[in-house]
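Worksheet: the structure to be examined is printed underneath.
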Amino acid sequence: MTNKLKKDHAFWAAVCLLLSIVPELLNALPEEDDDTINTDSELRPMKPLHTFCAMKAEDGPCKAMIRSYYFNMNSHQCEEFIYGGCRGNKNRFDTLEECRKTCIPGYKKTTIKTTSGAEKPDFCFLEEDPGICRGFMTRYFYNNQSKQCEQFKYGGCLGNSNNFETLEECRNTCEDPVNEVQKGDYVTNQITVTDRTTVNNVVIPQATKAPSQWDYDGPSWCLEPADSGLCKASEKRFYYNPAIGKCRQFNYTGCGGNNNNFTTKQDCNRACKKDSSKKSSKRAKTQRRRKSFVKVMYENIH
């Protein structure tokens, strides 16, 4: 009798336990079905152009930090990763454009038409991005404000695609074929009609350069004021002072600042001073010649 009661209690306890679990199971099943349906609709199967495009990003065993790109089968997009410098696999590209053309079926190069009618890759309109690392590598980017390629200091990792190792590569990729835009805040290509020449009794106006107090043909970053930066170091650096047309020394704190920052005075002069000194030297020579000519004429008369 006692054993029978124990069996009855065990049976009803099991029934109660099952009844308490069933509602939770019923509530959970629709949610799982919904998740499955959403996932299938968002990520449809995609066949890349090459088998190696399905490989995972592999940085390799070396310790370099080289910005590269790979095709991500999950997101169906080309994404950035840091390559160690050796080994790895074929799913690795130097540029985002190369990755897209190689792996994405039906990919068409994205371009933006400018006011001049020229088409440029969309990454040419990205802002300068030095990345998150602390390197001091000279690179070039296209400045959409000045409409020309300019130098900047790249930290060595991440950043964006508006980043070129050479000035020529930047210009060929992003600049307009004919660039008649002013450099910096100083107009260098305006013309005004001031002279006239008579040919066959016809007066022909001759275009001459507009007079200006000071013309500067160098890079726009040479016009930026000296910026000591945000850190606490004290490094000797040089900047170009456009007011006096010379490179001057200043103390750099080690991080931040701007591109008007050179490790040696020679680098500063080479980058900024040579362009502005040409016109001033020509003007000085012309003035000296005029003075000497007047002096000779005066001596001959007397």
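Cβ atoms are placed via backbone N, Cα and C, with glycine included.
Disulfide connectivity taken from Swiss-Prot links Cys133 to one of Cys124, Cys149, Cys157, namely Cys157. Between the alpha carbons (Cα) of Cys149 (disulfide bond) and Cys272 (disulfide bond) lies a span of roughly 15 Å. When the disulfide-bonded residues Cys53, Cys222, Cys272 are compared by the number of other CB atoms within 10 angstroms of each CB, Cys53 has the fewest.
Counted over every protein chain shown, other Cβ atoms within 10 Å are most numerous around Asn261 among the glycosylation sites Asn144, Asn251, Asn261. Across the structure, Cys99 (disulfide bond) and Cys53 (disulfide bond) are spaced 9 Å apart at their Cα atoms.
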